[in-house]
Amino acid sequence: MKRFQLGEFEEIVLLTVGVLHGNAYGVTIKDEIEQRLNREVSVGSLQITLRRLESKGFLKSTPGDSTESRRGRPKLFFEVTAYGKKALDYCKESRDELWKALPQMVLNLK
Amino acid sequence: MKSVEPPRFILRFLEWFCKPEYHADIEGDLLEIYDRRVEHWGRNRANLHLCKDVLFLFRPGIIRSAKIHQPLTSNGMIKSYFLMGWRNLWKNKLYSTLNVLGLTFGMVCFLLIGLYVYDELNFDTQHSNAERIYRVITHEKSPNNEATTVAAAGYMVAEDPTQTFANVERTTRMQRIGRANLVDPENPVNVQEAITVADEYLLQVFDFPLLEGDRRTALKEPNSIAITEELAMRIFGRTDVINKNLQFSHMDNPVKITAILKNHPKNSSFTFTSVLSESTRYSNEEFMREALSDWTSQNYTVYALLKPDANADSVSSKITRLVHANVTLEPGTKLSYNLQPLKDVHLKSDGIIDGARNANVDPIPQGNPVYVTVFLFTAILVLLIAGINYSNLTTARASSRLKEIGVRKVIGAVPGNLIGQFLVESFITIVIAFGVAVLIVAVLLPSFNEFANKKFLLFSSVGLGFWAAAAGLIIAMGLLSGGYAALLLSYFKPVSLLKGLVLKSGSDFSVRKALVVLQFTISTVMIIGTIVLFRQVHFLNESNLGFNKDLMVVIDVNVGKARSNFDWVKNEMSKIAAVEQVTVTSHVPGDWKTLVRVKLKKEGGSDQLHTAYVIGADKDFLATYGIELLKGRNFGNKNDTSAVLINEAAAKILGITHVSNEAVEIPQSARGSSFAPVYDDINASFKPRVVGIVKDFHFQSLRAKIEPLIIAYHDNPIYPIDYYSVKIQPQNIQATLEKLKAVMVANDEREPFEYHFLDEQLARFYIEDQRSQTILGWVALASVVIACLGLFGLATYSAQQRLKEIGVRKVLGANLLSIMALLSKDFVKLVLIACCFAFPVAWFGANWWLQEYAYHIDAEWWIFALAGVITTGIALLTVSYQAIKAALMTPVKTLRSE
């Protein structure tokens with residue numbers, strides 16, 4: 001059943017926001033994904049994904065203070081909502097189910 | 001450390017396209033990353049990456065939407081109109097379905113008929129010079145005022161007129177010369193084909209599309225031939241056969257294929273599959289001698305391409321003068337020419353004899369302007385009925401929407417808003433209906449094509465204009481009918497609306513009544529039209545033609561041997577057990593081909609010349625066809641070359657009452673326009689004796705009156721035999737045909753066996769009528785269905801409106817029948833009034849159409865009565881469903897709310 005619409009990249013972003021707990025804004029999220037997953041992330045795709053997740057209700061954002069390093073531009077901090085947590089839970093569970101259902105032989109073959 | 005400034009333009013670009021609420025923090029992120037990159041990579045590379053990042057940000061989701069800067073009102077309103085419209089349609093599924101169904105029905109009819117009419121009206125327009133091309137028409141009047149109009153002229157008329165006339169750019173002449181055998185010398189397979197001869201300018205005046213070859217030179221050289229791809233496929237099995245040779249069965253030299261023509265479209269007056277260059281004939285001295293002195297033969301179809309600013313009338317009077325300057329006419333004969341525009345050839349050639357048409361040539365598609373007009377009208381009428389339906393249903397529903405309208409008005413909607421709302425609603429309905437209609441048309445198109453003998457594509461480049469026009473017309477119709485409802489609904493006073501006053505049967509209701517009457521008038525007229533058409537076609541098929549058309553096999557004679565050796569062939573055929581009788585003729589009765597006409601007079605009588613048709617036949621003709629001999633004798637066994645039989649009509653105009661070997665004279669100089677130059681050696685007058693008079697029979701279509709006819713002996717100087725007519729027995733027809741074929745092949749193996757059944761051939765006269773009958777029948781059905789859909793909607797509505805009244809009546813003891821009568825009465829009254837209007841209209845229409853036939857049925861009273869009963873019956877059925885439903889309802893339910 002498709003209860004939560006969560007794409008692969010969306011899932012990664014959502015998880016990363018959770019990982020960064022309290023310090024998740026554009027730059028940190030980008031850095032975190034790039035370091036941990038060793039994959040290039042463009043500002044454009046990250047921003048789009050963040051906004052989409054926010055509009056779906058998985059994330060909520062709060063503007064932070066402006067800092068010198070950003071020439072007066074505010075940071076926008078993201079936080080996983082309860083609904084977002086549910087989505088992640090669902091995601092993990094459904095994956096686990098599938099893993100469990102995988103016959104042993106198939107795994108051995110790998 | 002002083003920070004490095006990023007390029008300003010790129011940030012401004014970001015600011016320009018980015019949603020304002022996103023802008024600040026995205027820019028912050030970008031700058032933070034930028035600073036880091038400058039530190040890491042240096043300024044230039046950081047700049048480059050920044051540009052890249054911004055460009056990647058330029059995507060939907062981040063780009064600000066354009067409408068934020070526009071005033072909210074109009075867009076928002078239209079959006080809300082659509083939303084409200086959609087909801088309203090969805091809420092009233094019954095009415096919406098009725099509306100869409102009715103409109104769809106109407107549109108499907110309209111589109112199919114429209115395609116047909118469009119095609120008929122656009123005949124021959126595919127030539128880029130079509131506007132400037134004219135066909136030369138000869139008008140001839142004999143001393144006794146017999147007038148003929150022939151679409152042909154003499155050879156010399158087209159002989160380089162650019163020298164003579166300033167306004168003619170080019171002329172071309174063509175002649176259809178009958179059938180010939182065409183053979184590929186390398187792989188001999190006989191193909192019998194009608195051959196057209198044309199001069200080198202044919203392909204320049206007309207731009208028939210060429211697959212291969214040069215149109216300027218293709219028909220220049222002797223022994224050149226241009227063939228269509230279809231013929232190439234038949235002979236060679238492929239189309240890249242340019243420069244290959246073809247052999248004519250009766251010619252010494254092979255001809256070279258110099259051009260491959262694309263197949264003609266269905267809406268073309270040209271049907272030829274091969275064109276032989278006229279120069280092939282130039283070496284024939286006899287032909288040239290005749291041709292160069294031929295001003296009046298009417299053996300050539302001549303087309304003239306005029307210069308852009310030329311006046312057709314002045315050119316045609318020049319032609320007339322030119323011809324008069326070159327020939328001396330018999331006293332009393334009048335001869336004049338005019339130019340018929342190419343676009344008129346298909347529909348406006350009524351009464352014009354296609355004189356250059358020779359024996360054995362396929363007929364050219366000839367349109368009937370009456371049908372085109374009738375179809376155009378019916379198409380528009382059906383659309384009108386559908387439109388009426390729509391506005392009727394919409395206004396009828398008005399009172400259930402009165403509260404909505406009232407609230408809207410109180411909130412501040414001006415009439416404009418409401419009209420907008422209703423228009424959008426009807427727009428949605430129409431677009432849905434149009435979409436469904438186009439789908440249905442797409443599905444029906446293949447079978448429609450087959451039936452109408454057309455080749456329509458749904459969206460071909462030619463048809464785009466048609467589709468644009470049709471869509472425009474349909475939407476205009478829809479908006480008009482929607483607009484009427486919109487206007488009506490938007491002008492009520494809000495206070496009375498909110499008080500819940502029911503819309504009284506005021507002016508709008510009588511308009512609605514009038515519209516219902518109009519709908520049913522149209523439907524009834526169409527039903528009557530269909531019945532009359534059906535009866536007439538039936539009459540034509542069944543009427544006594546004066547000869548026997550059943551079980552008659554007509555076999556074409558193509559090769560000379562079948563003609564000269566006919567005695568042997570006849571004999572062999574007679575030996576077949578299933579063959580009752582065989583005869584040879586030059587034409588067969590009821591032939592669709594142009595019959596030969598001659599001029600003649602009674603010997604010793606006045607010098608007045610009469611025109612008569614000629615059929616050549618042998619002594620078995622009368623018996624085989626069952627034609628009655630009234631006086632005199634049949635042809636005898638001995639050589640009767642100079643004997644003729646005449647029909648009653650001929651006897652009347654010649655004044656022959658007793659057959660006492662009276663002679664008629666057919667002067668050579670006055671042989672008819674369609675005279676086929678077969679026996680050229682006879683220069684003297686042909687003076688046969690009349691040996692018998694036969695009863696009149698219909699040797700032409702029943703559209704024409706029976707004309708004077710001469711039946712000459714088969715061995716006559718006018719026309720050779722061309723057919724075997726074989727009367728067979730009904731058993732094992734296929735086996736009989738095989739045996740007949742064996743005889744023909746035994747006589748000459750090159751002779752292909754071409755045959756048809758006479759009754760099927762005769763039916764081709766009326767194929768257009770039959771087609772129209774079917775089309776009109778379907779349209780009539782559709783119009784009745786549409787009108788009934790409307791009636792059904794109105795009845796449903798009126799039953800709903802009167803539910804309480806019905807409840808009360810039932811409680812007080814009314815029975816089912818009286819309630820049904822109560823509800824049906826009004827509608828049936830309207831339908832009856834419609835019949836009263838329809839009858840006279842249909843009567844005039846039917847009589848007008850029937851005039852076209854020399855032999856026709858009468859528009860009898862019972863046809864009208866039947867049509868009336870049909871419409872009233874269908875209407876009654878439609879209404880009574882609702883009436884019964886309402887009458888059976890438990891009154892408790894309807895009255896509880898009070």
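Glycine is treated like the rest: Cβ placed from N, Cα and C.
Here is what TrEMBL says about this protein:
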TRANSMEM  B:94-118  transmembrane segment
DOMAIN    B:96-321  domain 'MacB-like periplasmic core'
TRANSMEM  B:370-393  transmembrane segment
DOMAIN    B:377-490  domain 'ABC3 transporter permease C-terminal'
TRANSMEM  B:422-445  transmembrane segment
TRANSMEM  B:465-492  transmembrane segment
TRANSMEM  B:513-534  transmembrane segment
TRANSMEM  B:775-797  transmembrane segment
DOMAIN    B:780-887  domain 'ABC3 transporter permease C-terminal'
TRANSMEM  B:827-849  transmembrane segment
TRANSMEM  B:861-884  transmembrane segment
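Residues 520, 523-524, 527-528, 531-532, 535, 784, 787-788, 791-792, 795-796, 798-799, 816, 819-820, 822-824, 827-828, 831-832, 834-835, 838-839, 842-843 of the same chain lie 6+ residues outside the transmembrane segment (B:861-884) yet bring a C-beta within less than 8 angstroms of a C-beta in it. For the transmembrane segment (B:370-393), same-chain residues at least 6 beyond its ends with a Cβ under 8 Å from one of its own Cβ atoms are 95, 98-99, 102-103, 105-107, 109-110, 113-114, 116-117, 120-121, 347, 426, 429, 473-474, 477-478, 480-482, 484-485, 512, 515-516, 518-519, 522-523, 526, 529, 768, 772, 775-776, 779, 782-783, 786-787, 789-790, 793-794, 797, 849, 852. If one looks beyond the transmembrane segment (B:513-534) by at least 6 residues along the same chain, the residues whose Cβ comes under 8 Å of a Cβ in the stretch are 374, 378, 381, 384-385, 388-389, 391-392, 769, 772-773, 776-777, 779-780, 783-784, 786-787, 790-791, 794, 827, 830-831, 833-835, 837-839, 841-842, 845-846, 849-850, 857, 859, 863-864, 866-868, 870-871, 875.
Within the domain 'ABC3 transporter permease C-terminal' (B:377-490), the DSSP-based counts of helix, strand and coil residues read 100 helix, 0 strand, 14 coil.
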